[in-house]
């Protein structure tokens, strides 16, 4: 199904918990800055995902908080697995990944994205308020070993991390990971000074790239291949290409369909309808009707 701007709905991002075992100073909590209602159960999440398939969803992204804190995560993955779904992936901080990688693979998870903004143990501990970078590296190694690939490393480009980019690129090249360079969205005024313009970084990568591809169903974003390393950029701020080609809807952990990453004023309650046994297709239609590009071309 397309929205009124001609954008197909292909991807569904599920935030399954607000809880996390790290306290990164920049966390935007999937656009939900305060804890709200009741956590969705595994069965409720599965019902909602199954209903989404009718509207063209073919890719599922699971996130949090930290999704590995939910002990029923393998059950969720196993039960949403469907012949119509081409890809089920997970975004994690990687702290618990070594422990759960095999279980996730066995349940039907296809691949993982792991957040890693620095290779400096001291800086990592500071950014995450106590995290152990060695646990993350071991988790990445285990994920690759069990076949949760292609693994992506999510690098958040900020004033305090950008100097780490060359080392991160070398690391990703060495382990065979894809590098995703993400523009920082400051959700609080006091964090604005950490934002940097990633366009010059992308231009520099583009100059050195051996190959360039366009990902049609991922906001028309470019993929660059440079000395064997695949690099992608995620630039949501003031980006008409990102918004104009968005194919994703979201589910909050407390059961609201979220038409737009950058808005929190047009959520559609689907938790209560699913708990009441209603046909929830009309709520997906409402969500899709609410979709409009946050940044529009002039």
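Glycine residues also receive a Cβ, built from the backbone N, Cα and C atoms like all the rest.
Sequence annotations record features per position, and here Swiss-Prot assigns GTP binding site to 13, 61, 91, 152, 248, 249, 250. DSSP assigns residue 91 (GTP binding site) to a strand.
With a cut-off of 8 Å between CB atoms and residues at least 6 apart in sequence, the same chain places 27, 64, 65, 66, 69, 93 near residue 20 ([4Fe-4S] cluster 1 binding site), listed in sequence order. Residues annotated as [4Fe-4S] cluster 1 binding site in Swiss-Prot: 20, 24, 27.
If you look up Swiss-Prot, you'll see 26, 65, 115 marked as S-adenosyl-L-methionine binding site. The Cβ neighbour count for residue 26 (S-adenosyl-L-methionine binding site), using a 10 Å radius over every protein chain in view, is 18. In the three-state DSSP assignment, the secondary structure recorded for residue 26 (S-adenosyl-L-methionine binding site) is coil.
For 243, 246, 260, the entry in Swiss-Prot reads [4Fe-4S] cluster 2 binding site. Every protein chain considered, the tally of other Cβ atoms within 10 Å of the Cβ of residue 243 ([4Fe-4S] cluster 2 binding site) stands at 22.
Feature annotation from Swiss-Prot assigns domain 'Radical SAM core' to 4-227; the stated evidence is sequence analysis.
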If you count Cβ atoms within 10 Å of the Cβ of residue 91 (GTP binding site), leaving out that atom itself, what do you get?
20
So which binding-site residues out of 24, 26, 115, 243, 246, 260 end up within 10 angstroms of residue 152 (GTP binding site), measuring C-alpha to C-alpha?
115
Compared by Cα position, which of the binding-site residues 24, 61, 91, 115 is the closest one to residue 246 ([4Fe-4S] cluster 2 binding site)?
61
Could you give the Cα-Cα distance between residue 13 (GTP binding site) and residue 260 ([4Fe-4S] cluster 2 binding site), in whole Å?
11
Look up residue 115 (S-adenosyl-L-methionine binding site) in the DSSP assignment and reduce it to helix, strand or coil.
strand
